[in-house]
Each structure stands twice: as C-alpha cells, then as structure tokens.
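Working notes, beginning with the structure itself.
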Amino acid sequence: CVKEQHRTMSLSFNFQCFYWLLTKRLADEDDELSEVQPDAVPPEVREWLASTFTRQLATTRRKADEKPKFRSVAHAIRAGIFVDRIYRRVSNTALMQFPPDVVRVLKTLDEWSFDVFALSEAASSQPVKYLGYDLLNRYGMIHKFKVPPVTLETFLSRVEEGYCRHKNPYHNNLHAADVAQTVHYMLCQTGLMNWLTDLEIFATLVAALIHDYEHTGTTNNFHVMSGTETALLYNDRAVLENHHISASFRVIKDDECNILQNLSREEFREFRTLVIDMVLATDMSFHFQQLKNMKNLLTLAEPSVDKSKALSLVLHCCDISHPAKRWDLHHRWTMLLLEEFFRQGDKERELGLPFSPLCDRNNTLVAESQIGFIEFIVEPSMAVCSDMLEAILGPIHSSCKPTDSARESISEDAELDRTKNGATSSPQRSTKYKIKKPWTACLAENKKSWKEQAAKDAELRAQQQQQQNEESAATEE
C-alpha cells in the first residue's frame, strides 16, 4: 500500500503556488440564538438549543498559524484514485490482518453516507480499530511518521475499549468511527488535504478518532449540576472535552501505545496543540461563537484562515453531521442519541435534579427537536464550512495546473473516479471554486421526513387530548 502511495506521489505536476497575505480581524463572540424567533420552535426545543449550543465563558484565542504550505496535486488525489488497487492488496500488505468482510465495507469509505453500522458488524464491533488503521495507512502516516504497526494496533484497541467503557447508546466507538470517516471525506473528497502538511493530516485524523474518548453518556451540564469528579477536576469548563484529550494522551504516553514515539520535539508540540484545539472546539457550547467568527472572517476581501480554526470547524461539523447523512442512517443515530438522553434523564430523576431538555422520556418532542437541530444548527454549520472550504481551496485549485504529461499519466479509471467524487476537471471555467455538497440533499430530505412525522405526532396528540377531554366531561356528568 505504501509503495502504491509512493507511486502516486511520484506523478510529476508543474504548478505555481503562492502564499496569502495575512489579514486578520477577530470577530465578535456574541451568541446568535437570540436571532431565532420565539415561535419558530417549541419551547422545549428552544431550551435544548439554548442550553446545548450557547455558553457564557470567554475563550482564549490562539495566534495565527504560519502561512499555509501547499502540497502537490498528487498529494490531493493519492487517497482517492487507487482505492480499488489498495483494497485488492490490503489484506496482504497491511501487517494487521483485515477480514474480507471488513475489506469489502471499507471499499465504500469515500462515500458521504458511509454505513458505519455495516462496518461494525463486519469488524466484530471493532470499527475504530480497522477504520483508524486503514485511514492512517491510506494517508501514508504510518510510513511518514514511522509508527510501528503493532503499536498503532494496540493504541486503536485501547481507544476502542475506552469508547465502550460506559456502554453508551450513542457516544461510543461507532460514533468515533463515523466522525473519523466523515473527516476523511472532508479531507479527501473536497481536496482539503491539499492545503495541509502531513503532520496536520495526522493530527486531524487522530483528533477525530479520540474526540469523545471515554465519554460518559451524559452532558457537560449534567457533570456540573451533579458535581462529578470530572467537573471538579476541570472547573466546570469543557468538562468532557478536556477529559477526552487528557485521557487519550495518557494512553499515548504508554510505551506500547505511543504512536508519536518517532516525532521530533517540535512535531510533537505542534501535533498536541492541534489535537487540543480541535477536540476542545467540539464543545457544543462554543457553536455559535465558532460559526460567527468564521462567517465574519470570510467577509474579508482576502480572508486568511487559521489552520487550527479551520480544522476545528471541520471536526465540529463532522461531529454533528448525522442529520446530513442518508435517512436510514440519520434516523438510527437519532434514536440512539435520544435513548442516551433518556438515560441521563433517568439519572437526573434519581438524583432529584430537574430534567435537562429532551431527557424526559415521557415528554419529548422527537420530530420537532430534529427539525430545530437541522434548521438552526446543522444547516448553518454545513453552509459556513462549505464557504470556508471554497475560500481556502479556490486559490489552490485555480493555480495548480498539471502538465500534459502528468495529465496523461493518470489513468482513465482515475479520471472517472475523480468525476464520480465530484472533482472539477476544468477549474478555469468557473470564476468561483465549488465543492460537491452531498449533505444538502440529505438535509432537505431528512427535514421533510421529520416535518411529516411532526404533523402525524401533532394529530395524534390532538386526538388523545380530545379523548381525555371527552372522558373528563363524561366523568363530571
């Protein structure tokens, strides 16, 4: 597989790359939930949005990263063009053996609505182990950073165990694998990897894999309100996110799991800083601030996007992306998440705490909550992320033009693969670079389905209320 990647990277491309001038304007951090009209969503849903996606605490901004380092077009396509060839050999070339059924499912890894449930079934409930190993191998990270394969396998197994520790319906190893695959889509199919160094790609993939490590199945607010040891340790600030990072790096510190053992001191510091930034940004209470800052930045004539902030937004969007996937996948994720909420509600009842929004299993508006989540959270997030990616990748796409010989060296199958994956073959034809957005249609279809369900639910509640009124009237008579 490594030989195949090297062969791909050896394609000769002549192109002109340039740096953007640094123009920075820090945006306001005001929450935007106040812009939601009071009658736009039911009170319970509005309360959930407010309690989950807003915050009161100020954050510390990092300094801007150094100017972007552009990579060759060969780097951009190496993860997609030779997929079939890679997977024909994966069970023979990878030191970790891949079961045939896992190989078969992983051949669809480039799809937006990848079925992680099918992967988990094929992988004997070890999706993180196989998907994580495959991604790091596919992007050449194992070779580039001299990661011992046995060490990587041990690390991924430990991560998988941590995700299963609390037996959560939603925040478990399937969710970790799903988010990592979605991050892969953003890196590979949009061309974002063309903007990043190998170390940044390595950090992004690992951050996705560990972003919810040892999640307790309860929210940050639950930890704060119930006064858990974790809340005390992290002073009520990004309680879970801090734990995910700290516990993951404690695993890496173990010699048999140290996938970073051959990084230089400088590489380790950069890697660690990026992972910390990305995982902390998955705290949902940072949501509106994160989107508003990026939107304001993109209004500049020549926006210079900080790499850490860009990758943080990508990971955040991938973390909440299941409503933007195929309906059967999204509906399954929704039911799992609600069960996790309801279990938290059961604990709150036992502790004498008030129910958190959507956590009362007897009084929750499922369809309405998903409509609100899509309209006010997911759709705006994916829109801003798309705009950011187009702003980042537009100049690279328009300035990197392969030579005729390089063009001829790409096989016809590869060209068909690029077309299938939404790559634009003639960047000079359009004035603005556009990425493929498969999530747009999924969001529209899923929102339509939930609205139909909401109407049915409302009709049923009306019938039940009428029946209760009639029974009450009959009793009075």
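Positions of Cβ are set from backbone N, Cα and C atoms, glycine also.
On a predicted model such as this, the values are computed, not experimentally measured, just so you know.
Features as listed in TrEMBL:
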- 94-457: domain 'PDEase' (DOMAIN)
- Asp212: Zn(2+) 2 binding site (BINDING)
- 399-434: region 'Disordered' (REGION)
- 404-420: compositional bias 'Basic and acidic residues' (COMPBIAS)
- 421-430: compositional bias 'Polar residues' (COMPBIAS)
- 453-477: region 'Disordered' (REGION)
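Counting only same-chain residues at least 6 apart in sequence, those with a Cβ under 8 Å from the Cβ of Asp212 (Zn(2+) 2 binding site) are Tyr163, His171, His175, Ala176, Val179, Leu240, His244, Thr282.
Looking just at the domain 'PDEase' (94-457), the mean pLDDT is 92. Counting residue by residue with DSSP, the region 'Disordered' (453-477) contains 24 helix, 0 strand, 1 coil.
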